[in-house]
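Please read the structure below before turning to the comments.
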Ligand SMILES: NC(=O)C1=CN([C@@H]2O[C@H](COP(=O)(O)OP(=O)(O)OC[C@H]3O[C@@H](n4cnc5c(N)ncnc54)[C@H](O)[C@@H]3O)[C@@H](O)[C@H]2O)[C@@H](O)CC1
Ligand SMILES: [K+]
């Protein structure tokens, strides 16, 4: 299991440890682990070219001390000081003594030299900001982050990729180009996102007055300008080399990133939530945890691994019959949307329950039976219900939902069921002993509206953890919020991020498959939160198996791959 702690928790745990350790000991532990990982990634250290991006805090200190260790082992180490007057003093002295070269951002020709060094590096160490970071990267760090993404160097983030929010995984959107080129006011914009702008001054400090004085260059065919900035993805855009001193031209070409894109992140003491939740998780690449002796309290977020899921998955006892293994009642599909019922049933049959009972319109039941002859059709005793996939929202659907919510068994509510639930409000779940809601972002907006909270899809996507927790508390239910990172929150404060999954799962019917798996697991007697964690994990893994080698998959392929996902987990 991966456990993540908030910045506040990490700071408290660090303070407790620092109080009993000699000064600087913790940073040396961090730097030793970091240098060891970098050495491993480099393979051959002597002669390798390592570039350090060094910010104004202890994150930069870690990078400098790791650089010192690599320099002593024969690397050529160049440190780019983005805030020269505030770089870690002891770290700088150590690197200098080991033969490292120092390049302050206020030196003439810095930007061009820095970009050339990054372009020629084997490894770039991102020590711009760690858990003390606020908002988007500021100039010139944003330009160097883009240069690192374009270079062939391995990019290793120190503690976390600079620019991602450690607690949420949020990454600020690129600011519009014209604002940036507008002068001092525009310069403040990137740092002005959330929180204080303590570093705004150093953004200017870094490159002297050039940012203010160079005139904005109009966007032409070769300079896509503002529009291109918004489109910038992983590896920047092909752009021409900037003219020395013409910093605005650099921004005009869209060659800046609001956060570092790392291949590997070496994080200290514990995972940070932002490393487990997209977009931060995507920016972090492979995350390696280096122990530094912290003993933090209960985590704010967990991510299951194979073994955790294997421990939770039900195993039938020798004496089990189909009823003892659990029967799922699936209230799904309508004459308008029969496919949802067929898909959800197919997945439910692979979800570990003893039987699946379909309850719904006769023609849909016939279609379900034709596809899955092992399904029971019609009302009867069940251990849990899954309601909502393709249900429609008419009077018949409302009546079915009401019956299910009154049955006295755990209920998973999905899709149209969530739309109806948002109208009914949280009191509709009062008689359900264990509800599991599985919204996507749009449905989450509706559910929040049902609590009297107005929000947008974009807000939900930017605040996935907070949204899931808010819904869980508001409805008194476990909430599985689907998305590029699926997150799960229960009403007692337990929160999980799902580490499996693939963009190929963004396909019609994928949610119905998840409903089937989670519903079946609920029927086997798992707690709603455990059913949600296991189902999201298996679903993500099945999606990966079904889309292996980049072959697009249909939702039915994902359901068909579920047994292989199950087997892979069990092997752990
Ligand atoms: N406290 C400890 O005991 C340990 C801390 N360690 C390292 O220390 C880091 C935290 O250090 P700090 O608290 O000094 O904070 P950081 O080094 O993370 O960053 C704080 C500095 O960055 C500036 N800044 C904030 N947002 C910025 C942005 N968007 N662009 C540019 N500059 C920005 C601030 O003005 C401030 O000077 C951890 O992430 C970890 O790497 C490790 O050495 C392990 C031990
Ligand atoms: K960093």
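Cβ from N, Cα, C; glycine included.
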Inset, instruction - Using TrEMBL as the reference, determine which range in 169-197, 198-226, 227-255, 256-284 is annotated region 'Disordered'. - result: 169-197
Inset, instruction - Among 452, 509, 511, indicate the single residue that TrEMBL lists for the AMP site containing 482, 483, 484, 485, 486. - result: 511
Legend entry - 131, 159, 484, 485, 486 filtered to the binding-site residues whose C-alpha is within 10 Å of residue 59 (K(+) binding site): 131, 159
Inset, instruction - Under 6 Å from ligand 1 by C-beta, which of these binding-site residues make it: 126, 159, 162, 482, 486, 511? Sequence order, please. - result: 159
Inset, instruction - Could you tell me which of the binding-site residues 126, 162, 440, 483 have their C-beta within a distance under 6 angstroms of some atom of ligand 2? - result: 126, 162
Legend entry - CB-centroid shell, 8 A cutoff, K(+) site 59, 126, 162, site residues removed: 53, 55, 60, 63, 127, 128, 129, 130, 133, 157, 158, 159, 160, 161, 260
Inset, instruction - Looking only at the domain 'YjeF N-terminal' (10-300), report the model's average pLDDT. - result: 79
Inset, instruction - Determine which residues of the same chain, besides 482, 483, 484, 485, 486, 511, have their CB within 8 A of the center of the CB atoms at the recorded AMP site, and list them by sequence. - result: 440, 481, 487, 498, 501
Inset, instruction - Would you mind pulling the longest C-alpha to C-alpha span across 482, 483, 484, 485, 486, 511, which the record has binding AMP, in angstrom? - result: 14
